[in-house]
Structure formats: structure tokens, C-alpha cells
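Participant: First the structure, then my questions, so here it is.
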Amino acid sequence: MVPSGPLVQKQAAPEPGPDAERKPWRCLVFYLCFYGFMAQLRPGESFITPYLLGPDKNFTLEQVTNEITPVLSYCYLLVLVPVFLLTDYLRYKPVLVLQGLSYVAVWLLLLLGTSVRHMQCMELFYSVTMAARIAYSSYVFSLVRPARYQRMAGYSRAAVLLGVFTSSVLGQLLVTLGRVSFSTLNYASLGLLIFSLVLALFLKRPRRSLFFNRDAPGRSGASPSELDRMNPDAPRGAALLGAWRDWTLVRMLRELGDSLRQPQLRLWSLWWVFNSAAYYLIVYYAHILWNVVHTTTVYNGAADAASTLLGAITSFSAGFVKIRWALWAKLVIASVTAVQAGLVFLMYSTNSIWLCYVAFVLFRGAYQFLVPIATFQIASSLSKELCALVFGVNTFLATVLKTIITLIVSDKRGLGLPVHSQFLIYFGYFLVLFVIYLLGAMLVIVQHVQEARRAPPEPGSPAEKAMPMLSTHSSGLSGLQPTAPPQTSPEQHPQPEAKA
């Protein structure tokens, strides 16, 4: 007897077993991580500043500091939001291809450009590559099941860090041991970037994304809204209003406003905004500072490699820190900020290139230590979509702040300060942040101590156990006390006040 209809379909399409699922999973992980590794192989990147200041391009220090580098912050602010929205709307892969094309344009302008305007265009394309980095991290989560998010994120992040480390070490070895010129190093970077662009063309394009390409309510099995169930004959205007309220971005913006009431979310988001802005300014201008401190000793690649390795170690170790973050978070942030302020001051005041390198490596390691902690504290109470929106808003606000500081401090239309004076400004910036966080930490600790004193003893505590014992002794001793005399009027014998 032949089974009918749904039973035939059910038997004809059995669920894939673990072995059938493991092969595409492994291939997908391998190819994506290989692309992430190859996209970071730019051995000439650590030596762009000495290349621009050297005989190959012969730009002046003032041109690089006050005319070329500030353009990066301005352009990044302009392209951040459009690239963020296009990443989700176009489903990641086209933006990764755009990132590869922008990298190729950067190195073509770097090799063939001859004017300040050409270098400013180079910074424009480099800002596109920075904004498109979100496509790689978001692309990872659109291809796998939620159960594999953590493992996939670890693999992809490790591939990126390994690529940055390998690129920096390779560049330093070619310069120091191979005596390769900066120009040749940039040609090698261009060839590697073209290869990574070809790899991006063969990436799988996902069907869904977080915001614009979600499953329709009917296909995903979602139930109709409460308004539709209560009033199915509602007019079209009310239906449109309900659809607007249920639109993903609008709904998440409302949820974001409610989430900002959480103290830990506010604290770590503010840290992300204020610390990230100054961190990236230090990273942008550190290479220029190194060229001022010492023009002949060039170990930029080694410093970048060491800072990447230390950042990976501190990020990993941060996962093992188990404390009461609601109580100690501000004190931890204040301590790390104080270390950052001291390291920035050391970079400002020292004349030793080696101390400058060490301070830079430790500075990046201190920042990378708090990044995973902030990520977890922000993401622990939010959905995946809302978490992406929070990080996007934090990054945008940090970019706005960074652009304002650049316009005032670095740009020739503002103060146009030399690089040493800029680092003094950044030292004061971190010092102010340290004082604010320290005062906040002291206030939190004082409030905690006061609440602990006012709180009743917990059940099972020594004080709580002592209460019934005292009550028993008191009842036993009451029989030994003399009988109270007969009561008289208050006028004859006034009673003393009861002791507290």
C-alpha cells in the first residue's frame, strides 16, 4: 500500500545526518578564514609613513600630519553609515568586493600618486576599507546556525589576527634582513590584495541579513500582531501605522531607548565612544611620531606585530576575569585608563624610539583587554539585532568625536599642532577620563558600603543564627528576675525612657 501526500514527502526528504552536515561546514569555515587571512596580508602598511616622508614621495612632515592624515577621519565619518546600511541591504558579499577594490585603489594611488590631493584620495578609499570591515564580521553570522556563532566568531577573529601578525612580521623581515625598499614592499602588497579580491568574488552570498533581508512573517511562522487579532477589520491607515511600528529598525530604535536605562550598558557604551576615539587617533599618528623621534631606525612592522600579539593575549585573558562588574567596572576602567594616560605621556616625552615602541605596544594591549569585556557587557542583555545596532551607534558616535578632535587639533584649518603637541593633548584627554571614572568608582563603592550596613542580616548568617539563641537565654533568665512591683500612677513614679 502506497502512502499518500504528506507522508510521501516526509519519507522522500530525510534530514541530513551529522556526516552530511560536517563537510559543508568545514569547507565554509576554511574558505572564509583563508580569505580573512589573505585580506590582511599588506606588508607595506606598517611603512606607509616613512614611505611618504622618504625620497620616494618626498612629502613634508607638516603635509602628512596636518593635510593628509586628517582626511581619513573626515571620510570615515561620511562613509560609515552608508556602508553599514549597504552591507545589510546587499547581503555582505558586494561590500566585501567593494572593500577589495578599495584596497587596490589605495595602493595604486600610493604607488602612482604624486600630490597631496592624490594622497587625500588614497585616505578616502582607505576609509571605505575601514567601514567595510563590518561586512566580514557580520557575514560570518549569516551563514551558520546560532549554535555555531561562538565557534565561527573565534575562527574568523583568529584568522584576521594571524593575518595582521604575519603581514607585520613579513614586512619587517623584508625591510631589515632582505633590504627591500618601501616601494617594492608596496608592489608586493598590491599583488596580495589583488589575490584577496579574487577570493572575495567566490564567497557565498547569504540569503538573509539582520535588517533588510529578513524572513517575511508568513514564511517564518510568526503570528499576526495583537492589533490585527483584536480588530481584523481595521482601516488601512491603522494597518500601515502598525506595519511602521513593527518595522525592524524602528522597533529596535524603541528597544534601544529602553535598554539605555541599564547602567552597565550606558557605562560600557560611553567607554566605547570616548576611549575608541582617542585610541584610533593614537594609532593613526604613532607612526608619524616614530619618524620624528628617530628617522633611521625603522622597526614599525615589529611594533605592529608585537602589539597585535599582545592584543590577542590580553583579549583572550580578559575572558577569565570573574568579578562583580556592577561594583568594580568603573574602577577597572579607571585603572586601565590611568595606564593608557601614562603610556601616552611616555610616548610624548621620550627621545628613545625603543621606549616609544614599547609604550605603543602596551597601549594597544591595554585597550584590547577591555574590548571583549565591553562587548560581553553590552551584548549579554541584548538580542543579536539590537546588539549590532548598539555597536553601530557607538562606533558612529566615536567617529564623530574623533572627527571633532581631528578638526580642532590636527587639521591645518584648526590648531594644526605638530605631532608631539598632539600627544600632549591626548595625554590630558586620558587624564580627564581617568579622574571621571575614578570619582565614579569611589561613589559606587561608598554607596555599596552604605547599603551593606543598612541591609538586614541574611538568613543563615552568624548574626541571624545568634538571634534565636539570645531570645532563648532571655526567656530563661526572666524567671530569675524579681517580681515586678505593683503598678502605680505615672505621677507618682515616672517611667524612664526605653533604651534603643
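Using the three backbone atoms N, Cα and C, a Cβ is placed for every residue, glycine included.
Not my notes, these are from TrEMBL:
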REGION    1-20  region 'Disordered'
TRANSMEM  68-87  transmembrane segment
TRANSMEM  94-112  transmembrane segment
TRANSMEM  124-144  transmembrane segment
TRANSMEM  156-178  transmembrane segment
TRANSMEM  184-203  transmembrane segment
TRANSMEM  270-290  transmembrane segment
TRANSMEM  302-321  transmembrane segment
TRANSMEM  328-348  transmembrane segment
TRANSMEM  354-374  transmembrane segment
TRANSMEM  386-408  transmembrane segment
TRANSMEM  423-446  transmembrane segment
REGION    455-500  region 'Disordered'
COMPBIAS  471-481  compositional bias 'Polar residues'
Participant: Determine which recorded stretch among 94-112, 354-374, 386-408 has the most C-beta pairs below 8 angstroms with the transmembrane segment (184-203).
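Facilitator: Ranked by Cβ pairs under 8 Å, first place goes to 94-112.
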Participant: Six or more residues out from either end of the transmembrane segment (302-321), which same-chain residues have a Cβ under 8 Å from its Cβ atoms?
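Facilitator: Residues 46, 161, 164-165, 168-169, 172, 290, 357, 360-362, 364-373.
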Participant: Do any residues, 6 or more residues outside the transmembrane segment (124-144), come within under 8 Å Cβ-to-Cβ of it, and if so which ones?
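Facilitator: For the transmembrane segment (124-144), the far contacts come to 25, 28, 32, 36, 39, 71-72, 75-76, 78-80, 83-84, 87-88, 91-93, 95-96, 98-99, 102-103, 105-106, 109, 152-153, 156, 160, 203-204, 206, 208-210, 384, 388, 392.
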Participant: Which of 68-87, 328-348, 423-446 has the most Cβ pairs closer than 8 Å to the transmembrane segment (270-290)?
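Facilitator: Per the Cβ count, the answer is 423-446.
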Participant: State the non-local partners of the transmembrane segment (423-446) in its own chain: residues 6+ outside its ends, Cβ under 8 Å from one of its Cβ atoms.
Facilitator: 274-275, 278, 281-282, 285, 289, 327-328, 330-331, 333-334, 337-338, 340-341, 344-345, 347-348, 405, 409, 417
